[in-house]
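Asks: Supplied in C-alpha cells, the structure appears directly below.
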Amino acid sequence: MTDLHTDVERYLRYLSVERQLSPITLLNYQRQLEAIINFASENGLQSWQQCDVTVVRNFAVRSRRKGLGAASLALRLSALRSFFDWLVSQNELKANPAKGVSAPKAPRHLPKNIDVDDMNRLLDIDINDPLAVRDRAMLEVMYGAGLRLSELVGLDIKHLDLESGEVWVMGKGSKERRLPIGRNAVAWIEHWLDLRDLFGSEDDALFLSKLGKRISARNVQKRFAEWGIKQGLNNHVHPHKLRHSFATHMLESSGDLRGVQELLGHANLSTTQIYTHLDFQHLASVYDAAHPRAKRGK
C-alpha cells in the first residue's frame, strides 16, 4: 500500500503528462484532492484502500458544513471520482468508493433581466459618434431578436434582409434560424450601414471595431457595460441580460412558450421553461402590489 500523498502526486503527473491538462486545471485537481487527503488523515486513514463509501459521504457532509456550495461540491466529488477511477485502473483499488455519492442539486438561479422601463432608458443612448450609432444598432438587434452574443458578433451583411426586417443567424450546433428583428433595429442598422464605410474595412462583418475588424465578444461586453453605467442602470448590463429580457418580455406579452423556444433557438423546451418562473415572479409581484388580501398589515 502507498502513501496518500504519493498516489495523488502520481495521478497529477498522469494528468499533466498523458492527459496534458492545463496548469490551472491541474491546480484545481490538486486543491480538491488535498481536501480529501486532509480529511482522510484526520480520520486515521493511511492508504486509499481504507477509503470506502462511508468515508466519501462523510467527506461530502463535512464539505457542505464548511460552507462549500452545491455546485462546488459536485466539482469536488467529480475530481474524486476521476482519481479513484484512475486508482482502479492502476489496480490500487477494486472499486470506486465515490461512484454512488452525489452532491445535492444546486439551487436554480433564475437569469437576471432588465425591466421594460430600464430597457427603454438603455436604448435611448446619446448618439454623438459613429461608434455610438453602432452600439445602438447592436443593442436594438440584441434585444429585438434575443440573440446570443456569439450570434451577434457573427452577423455578416449578407445575413440581413432589411426589406422583410429579418436576419439569418447561425446558432448552437450550426443550426440556422431566421428571425424578425423589429422596425427599430432595422432603422438603426440602416443608420449604421451609412457610417460603416468610415472604418474602411473589407470585412464582411456587420458590426466592426474602430480598427475596421469584426467586433469581438469582449468589446461588446465592455461597451454594453459602459452604456449601462452611463444610462444610470443599477445592475451590470451584460449582453446575455438583453437575451433574457427579450425572452421574459415576449413570454409576459404572448404566453407562447413554444414560440419563444423557436426564437431563442433552444433545442429543448425545458431550457426555455426557466422563463416561466420569471413570468411567475412578475405575476406574483403584480398580485402582491394589487390584491387586497396580499397587502399585509393594512
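Glycine is no exception: its Cβ is also placed from the backbone N, Cα and C atoms.
Grabbed the feature section from Swiss-Prot, which reads as follows:
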- 2-88: domain 'Core-binding (CB)' (DOMAIN)
- 109-288: domain 'Tyr recombinase' (DOMAIN)
- R148: active site (ACT_SITE)
- K172: active site (ACT_SITE)
- H240: active site (ACT_SITE)
- R243: active site (ACT_SITE)
- H266: active site (ACT_SITE)
- Y275: active site, O-(3'-phospho-DNA)-tyrosine intermediate (ACT_SITE)
Asks: Whole-number Å distance between the CA of H240 (active site) and the CA of R148 (active site)?
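Replies: Spelling it out, the Cα of H240 (active site) and the Cα of R148 (active site) are 7 Å apart.
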Asks: Of the residues in the domain 'Core-binding (CB)' (2-88), how many are helix, strand and coil by DSSP?
Replies: 69 helix, 0 strand, 18 coil
Asks: What's the most sparsely packed of the active-site residues R148, H240, R243, counting other C-beta atoms within 10 A?
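Replies: With the active-site residues R148, H240, R243, fewest surrounding Cβ atoms within 10 Å: H240.
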Asks: Distance check, please: Cα of R148 (active site) against Cα of R243 (active site), rounded to an integer number of angstrom.
Replies: 7
Asks: Please classify the secondary structure at R148 (active site) using three-state DSSP.
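Replies: The three-state answer is coil.
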